[in-house]
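Enquirer: Starting off with a structure, shown below.
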Amino acid sequence: MEGRITQVMGPVVDVDFDSYLPAINEALDVNYDIEGHPKKLVLEVAAHIGDSRVRTIAMDMTEGLTRGTKVVARGKSIEVPVGEQVLGRIFNVVGDVIDGGDELKEPVKWSIHRTAPTFENQSTKTEMFETGIKVVDLLAPYSKGGKVGLFGGAGVGKTVVIMELIHNVAFKHSGYSVFAGVGERTREGNDLYHEMKESGVLDKVALCYGQMNEPPGARNRIAFTGLTMAEYFRDEKGLDVLMFIDNIFRYAQSGAEMSALLGRIPSAVGYQPTLASEMGKLQERITSTKKGSITSVQAVYVPADDLTDPAPASVFAHLDATTVLNRKIAEKGIYPAVDPLDSTSRILDPQVVGEDHYKTATGVQQVLQKYKDLQDIIAILGMDELSEEDKRVVERARRIEKFLSQPFFVAEVFTGSPGKYVTLQETLEGFKGILEGKYDQIPENAFYMVGGIDEVLEKAERLKANA
């Protein structure tokens, strides 16, 4: 099952086999030397181009490759380690450990190309997934086995929200998480690893990185590497796993690069003609089965803030909820900087979350929307010109805004205030009370950076004593 390289075009390599034709997605190994240093390269078959020749995508840089170099077919696709051993470690696309630690001891390996669960194995019941983050649980709740898009620019706190979710899943649901860095900056990946180490969540998460400087094959397939690790925990261990993909746009982008190099005719805006089916192939595997679930949070970069761009548009079709981070909210010092009016969820429906939750959430949104509408009047004429009714709305909206902030466990190191996990019951009680006017006499400051409503009352007492 040996072949020879006949052509190298950047990350695309053509290989000629004499008596064997490897299947699509089969892995091929190349061992060669660069200036006396041995190098191992993995290729993946992407197309058959006639006469027992195949066109492949390289999973690493191809410098130093020459025509005539020997290639060995594996007879199977890329396989990566799965199971408890992968927790706390960093892997590359082909499943090699890249954190400088010891190699894994005889790990179980699974192929990264797997079929999505069949209809009969999928679970159809919609359950809410409690995150312990007030603004998310109240206004844009996540569903178990659902897909969430996390939208935000640079520096508004996407990574901190991701780390807090990993923390809460690890400690409250005693579950595991998998993080796939797709086209990540190496620095960000490095920071994330060290921050997780410091905040004590590293031993509950597996990290897979395909960085920005790597060829498109590695950046594309890394999403499957991470997903395969998550699928093992779901299917073999029956767990509810959290899967993070940062950034899903880079998955589509790397597919576009590969498509052009493989000689396919580009589609709208230069993207690959197979964009929708490639996205579907990945997203359909992220689902709940009767054994367990994979809930995914996907950071979405929106090129030039254009939501109609084919790449983000292809993601929208798959999302159940969107969490939008807003710089203006971050500037007010309200963290997490989730936009309560822009974030949406498919399960914010009385039939799923119940009448009580639905009424409270819509009540909060109405008050915040009214406050937003009144802001121009306040800016020009001041608060005194408002009617008594409007003044009351503004005061309650400001309390709600402050109460939507929350101290995070993973930010304790920086803020000095202990993190808080707020149950859905506490969240609903607090916001219902504010809407009903129970806490109109309590100063606004008491609502800022606390957990449940009991803490607001304690903080108000402290403020009173210090006054």
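Cβ atoms are placed via backbone N, Cα and C, with glycine included.
Residues or ranges marked as ATP binding site by Swiss-Prot on the basis of sequence analysis: G152, G153, A154, G155, V156, G157, K158, T159.
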Enquirer: In the structure shown, which of the binding-site residues A154, V156 has the fewest Cβ neighbours within 10 Å?
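Expert: Comparing Cβ neighbour counts within 10 Å for the binding-site residues A154, V156 gives A154.
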Enquirer: Around the ATP site recorded as G152, G153, A154, G155, V156, G157, K158, T159, what other same-chain residues have a C-beta within 8 angstroms of the site's C-beta center?
Expert: L325
Enquirer: Kindly assign G152 (ATP binding site) to one of the three DSSP-derived states: helix, strand or coil.
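Expert: Going by the DSSP assignment, G152 (ATP binding site) belongs to neither helix nor strand, so it counts as coil.
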Enquirer: Pick the one among the binding-site residues G152, G155 whose Cβ has the fewest other Cβ atoms within 10 Å in this structure.
Expert: G155
Enquirer: Out of these binding-site residues, G153, G157, which one has the fewest other C-beta atoms within 10 Å of its own C-beta?
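Expert: The binding-site residues G153, G157 were compared, and G153 has the fewest Cβ atoms within 10 Å.
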Enquirer: Around the Cβ of T159 (ATP binding site), how many other Cβ atoms lie within 10 Å? Please give the count over every shown protein chain.
Expert: 19
Enquirer: Helix, strand or coil for T159 (ATP binding site)? Use DSSP.
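Expert: Where T159 (ATP binding site) sits, the three-state DSSP reduction gives helix.
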Enquirer: Far apart in sequence but close in space: which same-chain residues, 6 or more away, have a Cβ under 8 Å from K158 (ATP binding site)?
Expert: L150, G152, D246, A299, L325
